[in-house]
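As given in Swiss-Prot:
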type	residues	note
BINDING	46-52, 74-76, Arg337, 363-365, 445-447	GTP binding site
BINDING	Asp47, Glu48, Gly49, Lys50, Asn72, Ala73, Gly74, His75, Thr164, Arg178, Asn256, Thr271, Arg335	IMP binding site
BINDING	Asp47, Gly74	Mg(2+) binding site
ACT_SITE	Asp47	active site, proton acceptor
ACT_SITE	His75	active site, proton donor
BINDING	Val331, Thr332, Thr333, Lys334, Arg335, Val336, Arg337	substrate binding site
Amino acid sequence: MEEPSKVSAPTAVNGHPVVQSHAEMHQRCLNPYRSKVTVVLGAQWGDEGKGKVVDMLATEADIVCRCQGGNNAGHTVVVNGVDFDFHLLPSGIINERCKSIIGNGVVIHLPGLFEELAKNEAKGLTNWESRLIISNRAHLVFDLHQQVDGLQEAEKGGKSLGTTKKGIGPCYSSKATRNGIRVSDLLGDFKVFGEKFESLVNMYKRLFPNFEVDIAAELARYRDYADRLRPLVQDTVSFLHGSLREGKSVLVEGANAAMLDIDFGTYPYVTSSNCSIGGVLTGLGLPPQTIGEVIGVVKAYTTRVGDGPFPTELHDEVGSLLQTRGGEIGVTTKRVRRCGWLDLALLRYTAMVNGYTALCVTKLDILDTLKEIKVAVSYNLNGERINYFPGSITALGQVEVNYITVPGWLTSTEGVREFSELPPQAQDYIRLIENDLGVPVKWIGVGKGRESIINVKD
């Protein structure tokens, strides 16, 4: 009887070498990739200058990603004296050698996206068609979501949340209640897409009697958008994992900021997505072991757009000076930002949530003209010092802030490019932040342009 031929064990499966033991398999699970993801997150209430940091780091990146939010975010990046404004696009799109990904956690307003591309093309953005990749799982923001956003805010009257009225909240609500519409729906059977769209319209009509949408006109628009969008769309999860296995450098640009996170921010005065580290994982389909550096971007003072508690807010001439010198007007909303002192109690909290491995302190130069600078170090609630950040906005509105006062430097820092050349008082200010948070400051912003960054060496 002929013996059966022996079948040799495969040496590789799906491109992975076959391991010989559980220990080896476990080790591969702990570190299956040749590279790690660098994440840039806002550490306060947004507008910290994340786009500038991403633009700087994107020069060395192969891929830059957005993972959450929509066109309620706003980044300005200055390149060769030209201001590029980004709302949906990753600001790394300026870098012609890297891919830009809009991940599944982002909600996309297609009219806004194509308008943003056109505006930045007019300013010199080129060849984006070969570099922009959009997730097929991302949800779509329709004009009707923006209409609903305005109606909901109007219903709240004097208790409105101060949203950007970009339709972000209603779109994420549609996603959570499972009647949202994704990019893959638009690119699939258009008849089915039309039925889903009509169902969404009818749902809102039941909620708002005066709600009106020209369904035929909208579907005609979106048939055109489908053709324009199709070449840009793919499965970004597989693309990213493949890129990490190849050792590609991946950079993630968080939108909004930690204190606007729907779970950890000053709820309900927050955005509708997770803009802390968790949103990076769910918004791109990445496991925790892919994360390397987590860079927290900290403005040298604190700002906030819209309503909600703000313990260190200034209502005096110093607040006005910060608004004026800092050009504190929202990129997206054009609203004047509220300004206040740096809040270390708040930053300790966001550092716990996000696990920063490094910091970038921006707009240090805005403090150049102040003789004295106050820094919040803790809060008192009901007469007692607390060692936590209040989860209730009622409690947060009642805290008494404990400040320390440090000397200003009364000299311009705008031309400084080495940490050792900063005035001693400015160096002390940076060291105060580092020592309190236990996180190194690696970069300091002292002006608008990408060249106005101090690289802090050990």
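Backbone N, Cα and C define each Cβ position, glycine as well.
Known features from Swiss-Prot, placed on the structure.
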residue	record	Cβ contacts under 8 Å, 6 or more apart
Gly49	GTP binding site	Val297, Lys299, Cys360, Thr362, Lys363, Gly445
Lys52	GTP binding site	His75, Thr76, Val77, Val78, Thr362, Gly445, Arg450, Ile453
Lys334	substrate binding site	none
Arg337	substrate binding site	Asp47, Thr303, Arg304, Val305, Gln323, Gly326, Glu328, Ile329, Gly330
Leu364	GTP binding site	Ala300, Thr413, Ala426, Tyr429, Ile430, Ile444, Gly445, Val446
Counting across all protein chains, other CB atoms within 10 angstroms of the CB of Gly74 (IMP binding site) number 20
Simplified DSSP label at Leu364 (GTP binding site) comes out helix
Closest by Cα to Gly46 (GTP binding site), out of the binding-site residues Asn72, Gly74, Asn256, Arg335, Val336, is Asn256
Within 10 angstroms of the C-beta of Asn256 (IMP binding site), the count of other C-beta atoms across all shown chains comes to 30
Most isolated by CB count within 10 A, of the recorded positions His75, Arg335, is Arg335
Val336 (substrate binding site) and Thr164 (IMP binding site), compared by Cα position, are separated in whole Å by 13
Should one count Cβ atoms within 10 Å of each candidate's Cβ, the binding-site residues Val336, Val446 would be headed by Val446
